[in-house]
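The structure under discussion appears below in the form of structure tokens.
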Amino acid sequence: MSSMTEVELVLYCIIALIILENLFEVYIALRQVKVFKKSNKVPEELKAHMSNETFHKARKYGLDREQFGMCKCLIMDICVIPLELYFGLMAYMWQAALNWVNYFKLNANNEIIVSCFFVVLISLHGYLKDLPFKLYGTFVLEQKHGFNKQTARFFIWDQIKGLLVGNILTVLVSAAVVFIVQWGGEHFFIYLWVFAGVLSLILLTIYPIFIAPLFDKYTPLEEGELRKSIEGLAASLKFPLTKLYVVEGSKRSSHSNAYFYGLWNSKRIVLFDTLLLNKGKKDITDLKDEDKGKGCTNEEVLAVLGHELGHWKLGHVTKNIIIMQINLLLIFFNFNTLFKYAPFYEAVGFTPGVKPILVGLFVILSYVMAPYNALLGYAMTILSRRFEYQADEFAQKLGFSEKLCQALIKLNLDNLGFPIHDWLYSSWSHSHPTLLQRMHRLQELDEADKKKK
């Protein structure tokens with residue numbers, strides 16, 4: 001029996017890593033599914049707020065979502081992707097890109113041109129693979145539980161815009177990456193890191209202004225008590241608020257959110273209309289019955305923003321950007337060290353001597369560094385939860401403890417969030433502490449303040 005070649009060893013190690021990582025994801029999902037199936041009582045802390053009917057609706061919704069996620073993981077991540085790697089799909093895609101370049105009578109020896117066609121083909125392939133799951137998730141699962149608000153026409157137009165914008169950006173970035181690697185010499189990773197840092201800042205600036213409005217309608221928050229209160233809160237914290245918007249998220253989903261964006265002294269706050277009581281409308285005659293009474297009062301919205309502004313005041317956004325930049329430098333350094341290793345390319349189907357830069361980047365970042373990515377993801381989850389506690393404490397110090405607690409409960413009920421979680425599932429998967437954990441923490445802070453008085 002012949003011994004395993006180096007190329008085969010690389011391929012089988014990559015496939016094994018993919019399968020093991022995703023089997024762990026399925027395992028922790030199964031732990032949460034067991035919780036969904038066994039839990040039949042509203043937690044004591046929520047009995048005054050959550051009816052048995054809502055509790056079981058949330059349980060069924062959570063169970064359906066988790067089982068759907070497991071099904072997708074088993075099919076796509078544990079079966080399809082390893083098979084694509086084994087049969088050399090990326091090499092076929094690269095050859096298809098070369099065929100298209102020749103068809104249009106372009107220079108097939110120019111790796112930048114071929115790479116642009118390659119990323120478009122990979123993007124379309126990935127989109128078509130994901131489309132059945134996206135359709136089921138939107139029009140079956142979310143529809144069944146009353147969250148989907150998209151019509152078929154809205155969905156199709158949204159997908160077309162997403163594909164166009166996504167592919168334009170991907171082609172431009174991919175062309176720049178290949179150029180920098182070819183031009184940058186042995187220390188190209190430094191130039192690549194600088195480019196990625198500048199690009200991320202540009203996207204943070206232009207995405208909300210030019211790209212996001214292509215998909216959703218943004219309107220200035222109308223004058224009134226809420227706007228005045230938000231502007232007063234921002235001014236008291238010296239938050240450089242320049243714009244205050246409401247996004248019509250209800251055309252897409254009934255899930256709610258709020259966030260801020262912008263660099264330096266130009267910040268903007270965005271509220272989902274689903275966050276506001278009765279979508280912020282004074283005349284509710286046009287609202288559907290299921291939408292009436294949903295959302296947060298002005299005081300609760302202000303408490304939520306107190307939490308969000310806590311992230312800014314405590315430097316969480318800046319800290320995350322710094323961590324991201326350090327991580328990018330490490331990633332590109334590893335890529336610089338490893339990308340000439342021929343078995344990485346031959347393992348995914350390329351003939352000896354063919355080493356497309358984008359393929360090397362993808363294989364190293366997605367597969368070779370998979371264990372590192374998983375550990376970093378877990379570390380960032382822990383950090384994120386810590387930041388959430390800190391932002392809650394910031395809001396509590398502003399006097400929003402009670403209203404923030406009420407807002408968290410309302411948002412959890414409106415979004416059919418299930419309040420009981422397996423400890424391992426929650427610690428691995430949740431970037432935010434659970435509702436009960438946040439409630440308990442706010443109560444502890446309130447009690448500690450009372451003892452000081």
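Backbone N, Cα and C atoms are what each Cβ position is placed from, and that goes for glycine too.
Features as listed in TrEMBL:
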{"type": "TRANSMEM", "residues": "6-30", "note": "transmembrane segment"}
{"type": "DOMAIN", "residues": "32-217", "note": "domain 'CAAX prenyl protease 1 N-terminal'"}
{"type": "TRANSMEM", "residues": "73-92", "note": "transmembrane segment"}
{"type": "TRANSMEM", "residues": "112-128", "note": "transmembrane segment"}
{"type": "TRANSMEM", "residues": "163-184", "note": "transmembrane segment"}
{"type": "TRANSMEM", "residues": "190-210", "note": "transmembrane segment"}
{"type": "DOMAIN", "residues": "220-445", "note": "domain 'Peptidase M48'"}
{"type": "BINDING", "residues": "His307, His311, Glu388", "note": "Zn(2+) binding site"}
{"type": "ACT_SITE", "residues": "Glu308", "note": "active site"}
{"type": "TRANSMEM", "residues": "321-339", "note": "transmembrane segment"}
{"type": "TRANSMEM", "residues": "359-380", "note": "transmembrane segment"}
{"type": "ACT_SITE", "residues": "Asp392", "note": "active site, proton donor"}
- prompt: Is the transmembrane segment (359-380) in contact with the transmembrane segment (6-30), using three or more Cβ pairs under 8 angstroms as the rule and ignoring pairs under 6 apart in sequence?
  reply: yes
Query: Looking at the binding-site residues His307, His311, which one has the fewest other Cβ atoms within 10 Å of its own Cβ?
result: His311
- request: Enumerate the residues of the same chain, His307, His311, Glu388 excluded, that satisfy the criterion Cβ within 8 A of the mean position of the Cβ atoms of the recorded Zn(2+) site; list them in sequence order.
  value: Glu308, Gly310, His316, Phe387, Gln390, Ala391, Asp392, Phe394, Ala395
Field: Residue pair His311 (Zn(2+) binding site), Asp392 (active site, proton donor) - Cα distance, angstrom, rounded
entry: 9
Field: Site with most surrounding Cβ atoms, counting all protein chains shown within 10 Å, from the recorded positions Glu308, Glu388, Asp392
entry: Asp392
Field: Cα separation, Glu388 (Zn(2+) binding site) to Glu308 (active site) (Å, whole number)
entry: 9
Field: Integer Cα-Cα distance in angstrom, the residue listed as 'active site, proton donor' to His307 (Zn(2+) binding site)
entry: 6
